[in-house]
Every structure is written in C-alpha cells, then in structure tokens.
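A.B. asks: This is the structure I want to talk about, given as structure tokens.
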Amino acid sequence: MERTLVLVRHGQSEWNLKNLFTGWKDPDLTELGIEEAKKAGARLQHDGYRFDLAFTSELVRAQHTLNLILEELGQTGIPIRYDIALNERDYGDLSGLNKEEAAKNWGEEQVHTWRRSFAVAPPGGESLRDTLARTLPYYVREILPEVLSGKNVIVTAHGNSLRALIMVLEGLSPDGIVARELETGRPMVYQFDAVGRVIEHKDLLA
Ligand SMILES: O=C(O)[C@@H](CO)OP(=O)(O)O
C-alpha cells in the first residue's frame, strides 16, 4: 500500500472529560485518552499499516497520541513534523468555559453554530473556515507532496483542524460538514491516486 494518509483525532483530553472548550489550550490525555490512542495504534498494527512520516500539531494531546500510536506500531523512529497549522481551531473567548454553561448563557443554537458551522466564528476565535485557511495550505505544501511521492503518512491532530481538512478530502459542503463529528482515537484512512485525488476512504473501528 502506498499513498495512504491516516488522520487521527487525539484521544480524550482532560478538558474533553471536563466538557470545557479547549482550542489552543494545552491539556494532556486522560487515562481513557491514553487507552484510545493505544487502541488506535494496535488496530493500525493489526491491519498492517506502516508509516514513513508523521505530522502533528504543537499541542501535547495530539503529540502524545502520536507517540502512543507509534509505540504500538514499533515505529517511534520515523520523522515527525510539528506545526501550529495543525492546531485545534482557536476558540477565542470561549476557551476554558464549560460547554453546557455556555449553552445556558448564549442559547443552545448559538453555541451549536459556533461549534459546528463553517463560517461563524466564536467571539475572538476562529471559524472552521478560518481554520481551513491555515490547515489547507499546510496540507497542500507539506503533507500532500509526501503522499504523492508514494509515502504513507499519519497525522494526529484535532476535531476541528481535521474536520476542516476532511471537507476538502471528502468534498463536503459548508452544510455537509455541520453534522460531521470525529470520534477521539478513531483512525480515518484515505487512499490517493497519482495526482492527489482521494480514491477510497474508510474509518477504522477501534
Ligand atoms: O473544545 C474544543 O477545542 C473542541 C474539541 O474538543 O470542541 P468542539 O466539541 O466544539 O469541537
């Protein structure tokens, strides 16, 4: 298998558990998050995936997830590239607030729009479109050329930085992305043709 790109959302973080908006804040994984990352690695190992190169964000929950996956694969020696472009969507003023309390304050519909819409930014933060505007150039410039050269690549990142990329990989519209939820620690596998089009994609069960 060549030209394979695997995307993984980090395992459960301390702030996922506490139900807090996280964004660019930097909590680590919970025990469950560690288990999820190890399971993702074990599943990839079981299915015979091997990687030449890895990308992750500058946030510890994504880096920790990657390290655990690579340990399960016995591939801790592969090159890892870290970039802020893969960081979670910046949640601005919502960062650190409880998601349920926010829904009480601003109303469920408003908070859902901030969390899942394409173009509406939370106060002081990034919309998914803003996030796409930084993840997509990074993908085209840094990740896609490696895939096109025949490498197998793994990316561990975040719910919304990955939702942005998935819009492009799966051809989803701004309406189509609203309902797309990414589970923690679930590998999403994309197979590319020689010119960088996705010819197959599947989510692996844990
Ligand atoms: O808090 C966050 O940064 C993200 C991911 O956990 O939240 P949301 O559920 O709104 O995507």
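Backbone N, Cα and C atoms are what each Cβ position is placed from, and that goes for glycine too.
Automatic, uncurated: that is what TrEMBL annotation is.
Take a look at what TrEMBL says about it:
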BINDING   9-16, 22-23, R61, 88-91, K99, 115-116, 159-160  substrate binding site
ACT_SITE  H10  active site, tele-phosphohistidine intermediate
ACT_SITE  E88  active site, proton donor/acceptor
SITE      H158  site 'Transition state stabilizer'
A.B. asks: Should we count any of the recorded positions R9, Q12, G23, E88, K99, G159 as near ligand 1, judged by a CB under 6 A from one of its atoms, and which?
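C.D. replies: Near ligand 1, sequence order: G23, E88, G159.
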A.B. asks: Return the single residue from the binding-site residues list (G23, G159) that has the minimum number of other CB atoms within 10 Å.
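C.D. replies: Sparsest of the binding-site residues G23, G159 by Cβ contacts within 10 Å: G159.
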A.B. asks: Which is it, of R9, H10, Q12, W15, H158: the one of these recorded positions whose Cβ has the most other Cβ atoms within 10 Å?
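C.D. replies: Going through R9, H10, Q12, W15, H158 one by one, the largest Cβ count within 10 Å is at H10.
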A.B. asks: Under 8 Å Cβ to Cβ from K99 (substrate binding site), same chain, six or more residues apart: give me those in sequence order, or none if nothing qualifies.
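C.D. replies: For K99 (substrate binding site), the qualifying residues are N19, L20, F21, V111, R115.
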A.B. asks: Using only C-alpha positions, which one of H10, E88, H158 is spatially nearest G23 (substrate binding site)? These are the recorded positions in the record.
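C.D. replies: Looking at Cα distances from G23 (substrate binding site), the smallest one goes to E88.
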A.B. asks: So if I measure Cβ to Cβ from R89 (substrate binding site) and keep only same-chain residues at least 6 apart in sequence, which ones fall under 8 Å?
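C.D. replies: Correct list: G23, G125, E126, S127, L128, D130, T131, H158, N160, S161, A164.
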A.B. asks: Measure from the CA atom of H10 (active site, tele-phosphohistidine intermediate) to the CA atom of G159 (substrate binding site) and give the result in Å, rounded to a whole number.
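C.D. replies: So the Cα of H10 (active site, tele-phosphohistidine intermediate) lies 8 Å away from that of G159 (substrate binding site).
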A.B. asks: C-alpha of W15 (substrate binding site) to C-alpha of E88 (active site, proton donor/acceptor): distance in Å?
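C.D. replies: Roughly 13 Å, rounded to the nearest whole number.
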A.B. asks: Mind giving me a neighbour count for the residue listed as 'active site, proton donor/acceptor'? Other Cβ atoms within 10 Å of its Cβ, every protein chain shown.
C.D. replies: 27
